[in-house]
4 protein chains.
Amino acid sequence: MSRDYAVDPLRVGVLGAKGKMGAEVCNAVSRADDLSLVAGIDQGDRLEALTDAGAEVVVDFTHPDVVMGNLEFLVNCGIHAVVGTTGFTAERLATLRSQLDVSPGLGVLIAPNFAIGAVLTMKFSAIAAKYYESVEIIELHHPRKADAPSGTAMRTAQVIAAARAEAGLPASPDATSQEVDGARGALVDDVRVHAIRLSGLIAHEEVLFGADGETLTIRHDSMDRKSFMPGVLLAVRNVPSLPGLTVGLDSLLGL
Amino acid sequence: MSRDYAVDPLRVGVLGAKGKMGAEVCNAVSRADDLSLVAGIDQGDRLEALTDAGAEVVVDFTHPDVVMGNLEFLVNCGIHAVVGTTGFTAERLATLRSQLDVSPGLGVLIAPNFAIGAVLTMKFSAIAAKYYESVEIIELHHPRKADAPSGTAMRTAQVIAAARAEAGLPASPDATSQEVDGARGALVDDVRVHAIRLSGLIAHEEVLFGADGETLTIRHDSMDRKSFMPGVLLAVRNVPSLPGLTVGLDSLLGL
Amino acid sequence: MSRDYAVDPLRVGVLGAKGKMGAEVCNAVSRADDLSLVAGIDQGDRLEALTDAGAEVVVDFTHPDVVMGNLEFLVNCGIHAVVGTTGFTAERLATLRSQLDVSPGLGVLIAPNFAIGAVLTMKFSAIAAKYYESVEIIELHHPRKADAPSGTAMRTAQVIAAARAEAGLPASPDATSQEVDGARGALVDDVRVHAIRLSGLIAHEEVLFGADGETLTIRHDSMDRKSFMPGVLLAVRNVPSLPGLTVGLDSLLGL
Amino acid sequence: MSRDYAVDPLRVGVLGAKGKMGAEVCNAVSRADDLSLVAGIDQGDRLEALTDAGAEVVVDFTHPDVVMGNLEFLVNCGIHAVVGTTGFTAERLATLRSQLDVSPGLGVLIAPNFAIGAVLTMKFSAIAAKYYESVEIIELHHPRKADAPSGTAMRTAQVIAAARAEAGLPASPDATSQEVDGARGALVDDVRVHAIRLSGLIAHEEVLFGADGETLTIRHDSMDRKSFMPGVLLAVRNVPSLPGLTVGLDSLLGL
């Protein structure tokens with residue numbers, strides 16, 4: 001299929017199109033002038049609908065149980081992929097990389113969080129980490145959430161811990177000797193993480209850094225699924241020119 | 001001793017005068033036109049210095065180990081007392097009440113926290129508690145603090161729990177099924193309390209209430225010991241006309 | 001029409017049923033077991049549809065231009081009213097009171113804000129105002145809002161100013177001598193009010209009180225129109241037993 | 001004077017040693033093992049005391065009226081300088097650069113704010129600015145401050161405005177049509193800045209970024225002058241190897 005990039009919109013398919021995120025992606029793609037929604041499929045539909053429709057990029061917001069099969073299909077068919085599904089272990093990433101090694105020019109981008117604010121929070125936390133002796137994370141979500149802390153908070157803690165280790169910082173000072181069990185939060189790679197669950201909240205993360213006489217706070221508030229769309233569309237537009245496996249939006253944001 | 005209340009300043013003594021809080025009280029009393037600092041004593045000094053100096057009210061910021069002895073002395077000598085020392089159990093309060101029963105006209109006021117903002121936070125939390133299905137407490141302190149959660153946060157949780165029980169509210173909704181140990185904080189009377197310890201912080205408490213579509217947050221920031229002085233002076237000025245045992249500043253603030 | 005209160009649901013009509021708030025009220029009434037939505041009308045519909053349907057209480061979320069006519073009709077027909085429409089001047093309230101004087105037993109409740117958190121924020125601010133030398137208000141909204149500051153922030157400022165005046169407090173201290181025009185916000189009854197307009201925000205208000213060494217912050221976050229429904233339903237259920245004019249939800253909340 | 005860098009501490013002088021910041025610098029230098037406080041002078045003292053004492057680096061926290069004279073003396077004597085005094089216009093910086101051009105190897109570092117958190121807030125704001133359609137700044141200070149907004153907030157606004165211009169962003173959306181004068185803050189290079197003045201506060205800055213469905217907040221809280229010392233000492237240690245004029249700590253922090 002020949003394609004005039006300056007004229008024809010990019011042909012996009014969505015996997016998990018009936019899920020909350022997938023439906024939002026379908027809307028966002030439809031509204032973008034430079035993108036064309038050619039297929040939206042979900043559980044029970046045939047993957048071949050994507051190739052039949054001539055999808056050039058497919059966005060996958062499905063489930064950890066099926067995402068590896070989806071990606072194998074897409075890679076085999078020469079379709080680029082943008083993935084928001086969770087559950088990517090080091091092993092899964094290695095498998096994907098092997099598959100892509102034999103498919104030159106094909107790109108897969110996996111992001112744990114497509115909200116630009118979440119990406120910036122992580123990036124800024126990594127930079128600030130080395131200048132402060134203290135750091136703690138508070139994440140706040142609606143009370144229907146199953147996991148505590150959130151995956152984003154866990155990753156933020158890991159990124160901070162790595163930056164502190166590299167800077168040779170010891171654990172944050174803490175003289176607590178009497179603790180009601182759980183008061184001091186969860187220890188994730190030596191960083192304390194506290195999870196609040198409250199009606200009325202949506203998805204929020206606050207990283208607190210402290211030194212003698214000052215504190216620095218970075219807070220991200222997600223009020224709506226819409227906040228993920230700019231990141232998803234950015235990935236969709238760029239993945240055809242990003243061969244191999246890309247994890248996270250950082251490189252696309254020039255961070 | 002005859003005294004012209006319109007003219008003579010109230011004669012005030014301080015127990016624990018060399019401690020951080022006691023020293024601050026000495027300064028605050030000295031600066032008040034209507035109060036006169038007549039004695040400031042500490043460990044090793046004789047309690048009789050207070051009677052020798054003609055103290056009418058004594059402020060005690062000492063230690064749980066000695067405060068009951070101090071109060072027995074003061075009550076026996078007919079001196080009113082304002083107490084900021086911690087560690088008052090139900091038993092200790094009962095003992096004090098018995099002593100005051102036989103000393104008509106004498107007043108003792110004990111307050112767990114003299115910052116007006118802390119008193120208001122507690123009061124407002126008790127009122128708001130019955131209107132929200134969700135509530136959690138975050139307290140934030142410098143990393144040299146030994147106990148977690150803070151005593152103030154513990155009491156706030158208890159006050160909230162009592163108000164919720166009276167309103168017939170069940171526990172806050174929480175679907176957490178996967179938790180890294182401690183992430184969801186400490187359970188104090190069925191209220192989740194999270195304790196942050198961070199360099200640069202001083203003493204802060206935040207109470208979060210949530211319902212469908214809205215949250216209400218009450219936050220108290222103590223930046224300096226000075227913040228306790230208006231409450232201490234208010235108590236000193238009023239305790240002579242408050243016979244018996246008074247716990248907390250609420251009644252003085254007209255709450 | 002005879003009615004068994006223990007059995008029959010209260011018959012509720014909605015004026016402005018196609019508006020955002022009106023539609024939400026229709027949903028909330030429909031979902032409540034003890035209420036029955038009997039009529040939802042909007043611009044162009046006949047008011048008589050409300051009497052035809054036997055409405056006992058009507059909720060009005062319409063427009064300042066038509067609300068006075070609506071209320072005259074309802075009072076004349078002996079229908080209780082709950083009003084969320086804005087624009088009630090002292091003169092309009094006086095007119096309404098005269099109409100209700102000759103309709104014994106009939107109740108009209110007008111509330112500037114049905115979110116319980118907004119009512120509590122106002123109430124707590126009035127209490128705290130007299131204990132702090134400094135106070136300022138920050139309100140934060142989405143950038144499509146036409147007025148700055150918000151009506152709620154204006155009323156909060158007025159309530160605080162009244163409480164400060166009663167306590168004999170002077171204006172908050174402020175040594176500003178060099179100001180870029182507008183930096184110190186709007187002066188509303190001697191209280192500084194700052195209006196933030198930002199994409200991603202919904203409707204938020206923060207009241208900051210300050211004294212030597214401490215601050216107290218009361219913050220209300222409205223994330224969704226749903227947050228007004230508990231207040232609306234509370235008013236609907238109670239207005240039949242509140243003869244005359246009631247302004248605000250305070251009395252219903254026992255504040 | 002020959003000097004064994006591996007063994008001898010760096011010889012540091014302080015100008016403005018009796019001021020609040022200068023005194024804090026004297027303390028910080030005294031406590032550092034690798035630095036030696038050799039002279040602390042103030043108004044009325046002879047500048048020659050610095051050369052007499054063999055100062056290698058001098059820290060200047062004086063006044064805009066005298067700082068240019070101080071620096072001319074230091075440059076002429078071959079002494080490196082770290083400057084926290086304010087009031088550096090483009091003209092003054094040009095003058096300094098000319099003087100340093102003829103003094104190869106000599107370094108002068110001027111920083112508007114030595115708190116690492118303030119430097120990071122500025123840096124992060126510059127990065128985030130290009131990804132968000134909305135931005136506003138709130139700065140909060142004690143009520144004894146003369147200027148509003150603060151110099152730091154003004155500079156933050158300028159940095160953000162420059163980044164937005166570079167990214168081709170228009171002004172933040174704002175539908176305000178009815179405004180109580182001042183409600184929407186001061187316009188600094190097209191960025192809205194709000195200045196809060198409140199007893200109990202010290203020095204705080206909050207930068208709010210917003211896009212559809214999400215907000216990102218960066219907040220810096222300065223509780224104590226001590227928070228400037230790590231930045232001052234970092235500058236002192238590095239300025240001997242930074243020939244010419246350096247403005248800001250960014251390069252020292254590797255930002």
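The backbone N, Cα and C atoms fix where each Cβ goes, glycine too.
As recorded in TrEMBL:
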DOMAIN    C:11-114  domain 'Dihydrodipicolinate reductase N-terminal'
BINDING   C:Gly16, C:Ala17, C:Lys18, C:Gly19, C:Lys20, C:Met21, C:Asp42, C:Gly84, C:Thr85, C:Thr86, C:Ala111, C:Pro112, C:Asn113, C:Phe114  NAD(+) binding site
DOMAIN    C:117-250  domain 'Dihydrodipicolinate reductase C-terminal'
ACT_SITE  C:His141  active site, proton donor/acceptor
BINDING   C:His142, C:Gly151, C:Thr152  (S)-2,3,4,5-tetrahydrodipicolinate binding site
ACT_SITE  C:Lys145  active site, proton donor
Run through the Cβ atoms and count how many others sit within 10 Å of the one on C:Ala111 (NAD(+) binding site).
-> 22
Around the (S)-2,3,4,5-tetrahydrodipicolinate site recorded as C:His142, C:Gly151, C:Thr152, what other same-chain residues have a C-beta within 8 angstroms of the site's C-beta center?
-> C:Glu139, C:His141, C:Lys145, C:Asp147, C:Pro149, C:Ser150, C:Ala153, C:Ala203, C:Glu205
Site with most surrounding Cβ atoms, counting all protein chains shown within 10 Å, from the binding-site residues C:Thr85, C:Asn113 | C:Asn113
DSSP assigns the residues of the domain 'Dihydrodipicolinate reductase C-terminal' (C:117-250) as 48 helix, 44 strand, 42 coil
Find the shortest Cα-Cα separation between the residue listed as 'active site, proton donor/acceptor' and the binding-site residues C:Gly16, C:Lys18, C:Thr85, C:Asn113, C:Gly151, and name the residue that gives it.
-> C:Gly151
Listed recorded positions (C:Lys18, C:Asp42, C:Ala111, C:His141, C:Lys145, C:Thr152) that sit near chain D [CB under 8 A] = C:Lys145
The residue listed as 'active site, proton donor' versus C:Thr85 (NAD(+) binding site) - Cα distance in angstrom | 17
Same chain, 6+ residues apart, C-beta under 8 Å of the C-beta of C:Lys18 (NAD(+) binding site), given in sequence order | C:Gly40, C:Asp42, C:Gln43
Recorded positions compared (C:Lys20, C:Lys145) - the one with the fewest other Cβ atoms within 10 Å = C:Lys20
Going by C-alpha distance, which of the recorded positions C:His142, C:Lys145, C:Thr152 is nearest to C:Ala111 (NAD(+) binding site)?
-> C:Thr152
Within 10 Å of each Cβ, count the other Cβ atoms, then let me know which of the binding-site residues C:Gly16, C:Gly151 comes out lowest.
-> C:Gly151
When distances run from the Cα of C:Thr152 ((S)-2,3,4,5-tetrahydrodipicolinate binding site) to each of the recorded positions C:Gly16, C:Lys20, C:Asn113, C:Lys145, the nearest one | C:Asn113
